[in-house]
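My structure is below; once you've seen it, I'll send some questions.
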Amino acid sequence: MKPLFYIYIVAAIIHLLFWLNLIPYPTVRQRSMQWLYTYLAIDVLLLIRVFIIYAYQSRPMCVPHFLRTIMCYYEAIFDNYLNVLQSYIILALNICRYLQITDNRDIYVIRHRTIIISHFLIYILPILCYIIAILCHWLVIFKPQNDICDLELTSAVVQILFLLFSYFIPLVFTSIFLFLSLRHIRNTNGIRTQQIIEARLKYHRQLIIQSGAFYSVWLILWSPYLLLFPFYYRHSTSGTITEIFICIGIVLDPFIVAALDIRFLRAWHSTWNHLIECIRPVRVAPMPVAIAPNY
């Protein structure tokens, strides 16, 4: 646990620097970036969960039974809930981007109420599903000796439903809306201005590269957890490997998200230039010295 915990500390430092770097730049505080910020905020919540559980497990404390029960549910459910949220946030990002491209308008302004409702549903519906599943005994929370609490899905049907709603549905619809966005950008029928055609093809290439980088990392590092979660114990060998992948994903997310939106890269580049200017020694131009003639 300790080597992995050190990586989480590195991830926390990277995320702290990322968020601090955004303060001076109003260009990166736009409504259109809200899904990316939400995605990264969930990474922060995952880090907070790790530090809370580490502090709770490493410090022997006399905790009332009610608080121990709450902590047990927190240990068992919260990380899985956050990972499911990220799947649907990626889906919401692609839906909004598709509507933005096809409508050629700022949907974050003209459809702001719909987006607010979408946020509400994405955060609330998974919690309701967990509550219903626990009340119906489809999910069972158990605590192994000297270990954190974990979830167990009671039947194969529940496992398949969990995979369907937590992974395959958001993944399939994300792929569909990404494909529709790329096809719409690629379609230049009816456009006669060569400059517009070249701009759209350039944006098409850029979107392919950005999406390819982002979803490759997500599929490699985050998918194993969602795919294997219904079938393994958290601290089994498979569980440990998936946690390592998630830890690496949290470390890389600020860089991947920065590559996904050019405004983040510009902010990082500007900060880097300021640091170089502060570190670089100031060169003083030599002053010409006038030598008085000797008479």
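Glycine is no exception: its Cβ is also placed from the backbone N, Cα and C atoms.
TrEMBL feature annotations, pasted as is:
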DOMAIN    1-257  domain 'G-protein coupled receptors family 1 profile'
TRANSMEM  6-23  transmembrane segment
TRANSMEM  35-56  transmembrane segment
TRANSMEM  81-99  transmembrane segment
TRANSMEM  120-140  transmembrane segment
TRANSMEM  160-182  transmembrane segment
TRANSMEM  212-233  transmembrane segment
TRANSMEM  239-260  transmembrane segment
What else in the chain is close to the transmembrane segment (35-56), if you only count residues 6 or more beyond its ends and a Cβ gap under 8 Å?
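Cβ under 8 Å, 6 or more out: 1, 5, 8, 11-12, 15, 18-19, 71, 74-75, 78-79, 82, 85-86, 89-90, 92-93, 96, 119, 148, 246, 250, 253-254, 257, 260-261.
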Where else in the chain does the transmembrane segment (6-23) make close Cβ contacts, counting only residues six or more beyond its ends and a cut-off under 8 Å?
29, 40, 43-44, 47, 50-51, 247-248, 250-251, 253-254, 258, 267-268, 271
Thinking of Cβ pairs under 8 Å, which stretch from 120-140, 160-182, 239-260 has the most of them with the transmembrane segment (81-99)?
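Per the Cβ count, the answer is 160-182.
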Taking only the residues in the domain 'G-protein coupled receptors family 1 profile' (1-257), give me the average pLDDT of this model.
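Reported value for the domain 'G-protein coupled receptors family 1 profile' (1-257) is a mean pLDDT of 84.
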Near the transmembrane segment (120-140), which same-chain residues lie under 8 Å Cβ to Cβ, leaving out any that are not at least 6 residues past its ends?
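For the transmembrane segment (120-140), the nonlocal Cβ contacts are 77, 81, 84-85, 88-89, 92, 151-155, 158, 165.
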